[in-house]
Amino acid sequence: MSQASLAQEASRRRTFAIIAHPDAGKTTLTEHILLAGGAIRAAGAVRARGENRRTRSDWMKIEKERGISVSASVMTFEHDGKRFNLLDTPGHEDFSEDTYRTLTAADCAIMVLDAAKGIEPQTLKLFEVCRLRDIPIITFINKLDREAQDPMALLDEIASRLQLDPAPIWWPAESGNRLRGMVEVATGTFQPYARKAPGAADEPDHPEALPLDQAGAYFEEGEQASLQDALDLVREGYPTFDVNAFLEGHMTPVLWGSALRHFGIEALLQAIGDWAPAPKVMKARKEAPPETRNAPAPEDITIQPGEDQVTGFVFKVQANMDPNHRDRIAMFRMASGSFKRGMKLKVQNTGKSLSVNAPIMFFASDRELAEEAHAGDVMGIPNHGVLRVGDSLSETGLVRFAGLPNFAPEILQRVRVKDPLKAKHLKKALDGLAEEGVTQLFRPEIGADFIVGAVGQLQFEVMADRLGEEYGLDVIFEPSPYAEARWIAPAEGATRADVEDFMGKYRPQMAGDLDSDPVFLAKTSWETGYVTERFPKVRFLKTKERG
Ligand code: G4P
């Protein structure tokens, strides 16, 4: 493919994620975006995935239907000449690490706020991640069909709490029972809202948009004039949308609607198509081949999406989607090039070569073999444990994208298998699940225990369930004596020997992670503070980047 058409293919892609506090309407919005994009025909198709608020047993059921949860990792659809890749971020806070990694594969995020609640704790956390990663944000204020906060108060909250300039693209005409519609700030075009008739099963079609001054039929006494006044104030009081300020992360376009009533969704999809950036230029490093002696220092490079060479990275691995096969699917985000099925790609850190013969694209209703893919696309690569989260793949095998971080877990538990004869199988099973990157596995240097680390309690429950279902192991998770895990490394100017000195003194609390990197298991956070002070030559790290 010529350079020009490569760049053109890349530029029509929009790879984005939705971030929201649980219950703000992420699942509903996902579904209605797919509807608006023509990817599904009826609402209800994605409904089964609203795991956020579900009970543990509901979640398990969903998880067992692995097909669903996997196709949920990314949903690809074509609309209006563009290809949209919607990445699913698990909303439950126990899965924030997974979410964080997924966001590294997104070029843009849709921040969904509940119009009655505004910014909530999880919104803030996810927003911080986007800011850290320079991911531009489109705001969608949802649930206008319910009583909402004052629109100006919502925008002020965005400005003051996120330090982000809100640029209203639309302005709502009231909310809840009085919701009449919304008006486009730049043009004064009014989009009327059709209320669902009581008892009607189908969603109503919203009437055609028309100029506000011709929309009298949709208002009651005085409402139209006060909307016009509000519009004048909005035009004066808020900045007009500037796409560069948005791409630089200073401004967010604000759209409104009701996901449930399919109101404002076309406008949102249009905004994503028009403004969300095409696949970005990525920073990477060019490394020497693994076998080189006296290798030259790695070189900082940038990867253009229109480059010839296929490059990209794995941001998620899902194991055992088909319980009859020990399969693993690595979710691979392409950063550049033109991929053709059957191509050979190399894993940078191991130098292993992989023929990608059966890559999968996840369309909303089914999966298909990916015959070709371009920068911005996400495909699932089946493999048998060759690919791990954070791996970089490319044709030369020399390109390395900055590692995806592992975070120190917040809960550490000891895991035991009830049948002692199966202890050997346990290690294999735990390794397998830890390779997915959702939980972490620590092997203490002394003793035969395994310590599993996770961000939240739900992960242990899911893990116990999967160990039973997928590996036939009946396990018990027990409290461990540890409260925190820290990766250790020499401080500036210190040496390996300084670290070993520390490790010698704390041998009973030392463990190795999945890569056998040393980890200190502290009994209390006080102890972490104590060793940090006592051993200034050692760094105690909360995150680790692989690769
Ligand atoms: P989440 O993925 O962000 O957690 O939210 P989800 O879409 O599951 O929505 C949470 C609840 O909010 C659901 O109601 C959903 O129907 C409702 N909802 C989403 N968007 C809108 C909207 O625009 N307007 C109104 N009024 N409600 C909305 P639920 O009753 O908790 O669940 P369900 O029984 O409807 O499934």
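Each Cβ is built from the backbone N, Cα and C atoms, and glycine gets one as well.
For 11-280, the entry in TrEMBL reads domain 'Tr-type G'. Look at TrEMBL and you will find D88, T89, P90, G91, H92, N142, K143, L144, D145 tagged as GTP binding site.
What TrEMBL annotates, mapped onto the structure for a quick look.
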| residue | record | CB count, 10 Å |
| --- | --- | --- |
| D88 | GTP binding site | 23 |
| K143 | GTP binding site | 25 |
| D145 | GTP binding site | 20 |
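Close contacts with ligand 1, defined as a Cβ under 6 Å from any of its atoms, occur at K143, D145 among the binding-site residues D88, K143, D145.
When pLDDT values are averaged over the domain 'Tr-type G' (11-280), the model yields 86.
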